[in-house]
Amino acid sequence: MSNYLGLIRRYWDFIPIEDENSICTLLEGNTPLISSTYLGPWLGLRLYLKYEGLNPTGSFKDRGMTVAVSKAIEEGARAIMCASTGNTSASAAAYAAKGGLNCYILVPEGKIARGKLAQAMVHGAKVVAIKGNFDDALRIVREITTKFSIKLVNSLNPFRLEGQKTASFEICDQLGRAPEYLCIPVGNAGNITAYWMGFSEYHERHKIDSRPRLLGIQAEGAAPIVRGEIVENPETIATAIRIGNPARWKEALKAVEESEGHMEMVSDKEIIQAYQLLAQKEGLFVEPASAASVAGLIKMVRTGWVEKGALVVCVLTGHGLKDPDVALDLSGLITECGPTVEQVIEKLGL
Ligand code: AN7
């Protein structure tokens, strides 16, 4: 029997759920902090990778969703709704199924990785594809959730952040201290905001003597915070962070400033390089948005922003199986072969 209880019970004192009967959990969290054996030595860093792809639905979103859905249940809600580039919808659909709620999802048409769409559909959510981008979808969801009695579960919902912040607690528990830098991809900017809340709360309560400098990484084609202006038509291979007007923009900037960190952007080419390095040298299959944090870190070591020897944690936000099309497009063709030992030996060049 597993004695893991899920985030809410594990961090009960830090999370504003009052009624234990309303807890809706899939035993999210408790993800591994993996010591990097290739990238770390290569970059001259003490590097750890927080593999959030091992949450129940394959992304970090489950941390926030367990709290947002439990709170919705506590408040008597019957339905939840979100706009999503994919992972939020997969998570919302799963927790709604577990909690017996209806789930409404708006996604940008044609820009959702197939694994994520499959998750939202299989869990029985009502999915609508908008002829527009994520920012359009979020605008519509905000309006509809004020008109109907449906709970919004995007990270504008403060309970999402209350759950997501627990990743910082885990990192401090796993390292026995806070890292010097935390490197994280930024889309709607909820996660980076939540990490800062988490490090700050742990710092206060457990007298941890430092907080990390936050390095937030955006994709070049969807980098409103780095550029300082809304991006009308965001584009990137990392569809999860294809967002032009982040809802938590101000909070993210404040977190980066307070931590004396930095916001950086990386090209799709750099994202793909990091994606392949993680897969081929670390054995970690992540989705492109997650590889953005590693691409950003590589860039910041090259530019001297992060010094050699630093203790760094990179957050790998989602599993690579979410987006099988990117993986297959980047790989060579499969070798076809007749069904004999000789033919296989020949094809493998043994
Ligand atoms: C893998 O699912 O916004 O900066 O609607 O799926 O907190 O938005 C996903 C975002 C990073 C960015 N990595 O986090 C959605 C959605 C992955 C993601 C982000 C997302 P935020």
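Cβ from N, Cα, C; glycine included.
TrEMBL entries are annotated by machine, without manual review.
In TrEMBL this protein carries:
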DOMAIN    25-318  domain 'Tryptophan synthase beta chain-like PALP'
MOD_RES   Lys61  N6-(pyridoxal phosphate)lysine
BINDING   Asn87, Gly187, Asn188, Ala189, Gly190, Asn191, Thr317  pyridoxal 5'-phosphate binding site
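The average pLDDT computed for the domain 'Tryptophan synthase beta chain-like PALP' (25-318) is 97. The number of other Cβ atoms within 10 Å of the Cβ belonging to Asn188 (pyridoxal 5'-phosphate binding site), over all protein chains shown, comes to 26.
Comparing Cβ neighbour counts within 10 Å across the binding-site residues Gly187, Gly190, the minimum falls on Gly190.
Straight-line distance linking the Cα atoms of Ala189 (pyridoxal 5'-phosphate binding site) and Lys61 (N6-(pyridoxal phosphate)lysine), rounded to a whole number, equals 12 Å.
Spatially close to Asn191 (pyridoxal 5'-phosphate binding site) yet at least six residues away along the chain are Phe60, Ser155, Gln164, Ile184, Pro185, Val315, Thr317, judged by Cβ distances under 8 angstroms. Ranked by how many other Cβ atoms sit within 10 Å of their Cβ, the binding-site residues Asn87, Thr317 place Thr317 at the bottom.
Secondary structure at Gly190 (pyridoxal 5'-phosphate binding site), taken from DSSP and collapsed to helix, strand or coil, is helix. Listed in sequence order, the binding-site residues near Lys61 (N6-(pyridoxal phosphate)lysine) (C-alpha within 10 Å of its C-alpha) are Asn87, out of Asn87, Gly187, Asn188. Cβ neighbour count for Ala189 (pyridoxal 5'-phosphate binding site) (all protein chains, 10 Å cutoff from its Cβ): 27. Other Cβ atoms within 10 Å of the Cβ of Lys61 (N6-(pyridoxal phosphate)lysine) number 34 in total over all chains.
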